[in-house]
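Record features (Swiss-Prot):
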{"type": "TRANSIT", "residues": "1-79", "note": "transit peptide"}
{"type": "DOMAIN", "residues": "98-255", "note": "domain 'PPIase cyclophilin-type'"}
{"type": "DISULFID", "residues": "C131-C248", "note": "disulfide bond"}
{"type": "DISULFID", "residues": "C206-C253", "note": "disulfide bond"}
Amino acid sequence: MASSSSMQMVHTSRSIAQIGFGVKSQLVSANRTTQSVCFGARSSGIALSSRLHYASPIKQFSGVYATTKHQRTACVKSMAAEEEEVIEPQAKVTNKVYFDVEIGGEVAGRIVMGLFGEVVPKTVENFRALCTGEKKYGYKGSSFHRIIKDFMIQGGDFTEGNGTGGISIYGAKFEDENFTLKHTGPGILSMANAGPNTNGSQFFICTVKTSWLDNKHVVFGQVIEGMKLVRTLESQETRAFDVPKKGCRIYACGELPLDA
């Protein structure tokens, strides 16, 4: 399977000095293709933009990553009775999918996501099929390759594993379906990209409200169970390029009945 030549990124709300994304000197020295969600980059990849990098859309990486250190918190089981921060869905949930996650080789819990298929059916079908693996490829075994506390966790690059790859069920990329749904708070599930109409398989889960990403990234679902696990992932200690020091891997994934 062909992989993307550039990195998908998500821009955060921190200062440019802290993240090193919008810093001109860094961008000049790392003059590469930035695919939405900019946070600095490697040779190329998809990254999300921060608020300080407000002028740039969340793109696939190709900038300069900032080295940020986060305190690793104890793993907490994501039981329904312990859930927190579950916001009201913006649309009808048409499908439920899940990620079973391990951190550092140890089982950490499950994240359940509701998808909004009536609003963005094409985007939802892409994500759903990559969760089930029915196309013979998908998210199983892939990692959350980029984590930024108080912003988001990013994953979905199952071809390269570093933010430079991933493909959709429709081919390498597909168009932005619409921007009807917004990045309203923690748990929002949205597509990482490398600019307009470059959606593949990379996605991110917000841990705060990220309104600066509205109209740049396609929102298609939200976490309905497992926000405590999302917080645990968000708090992982990272090294250069916001890569978690301990592997954060999706060891199983699939679709659930709506009434489950």
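Any Cβ shown, glycine's included, is placed from N, Cα and C.
Structural mapping of features recorded in Swiss-Prot.
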{"residue": "C131", "record": "disulfide bond", "DSSP class": "helix"}
{"residue": "C206", "record": "disulfide bond", "DSSP class": "strand"}
{"residue": "C248", "record": "disulfide bond", "DSSP class": "strand"}
{"residue": "C253", "record": "disulfide bond", "DSSP class": "strand"}
Could you state the CA-to-CA distance between C131 (disulfide bond) and C206 (disulfide bond) to the nearest Å?
19
So if I measure Cβ to Cβ from C253 (disulfide bond) and keep only same-chain residues at least 6 apart in sequence, which ones fall under 8 Å?
V97, Y98, F99, D100, C131, T132, G133, G138, Y139, K140
Including all protein chains shown, what's the count of other C-beta atoms within 10 A of the C-beta of C206 (disulfide bond)?
26
How many whole Å apart are the CA atoms of C248 (disulfide bond) and C206 (disulfide bond)?
16
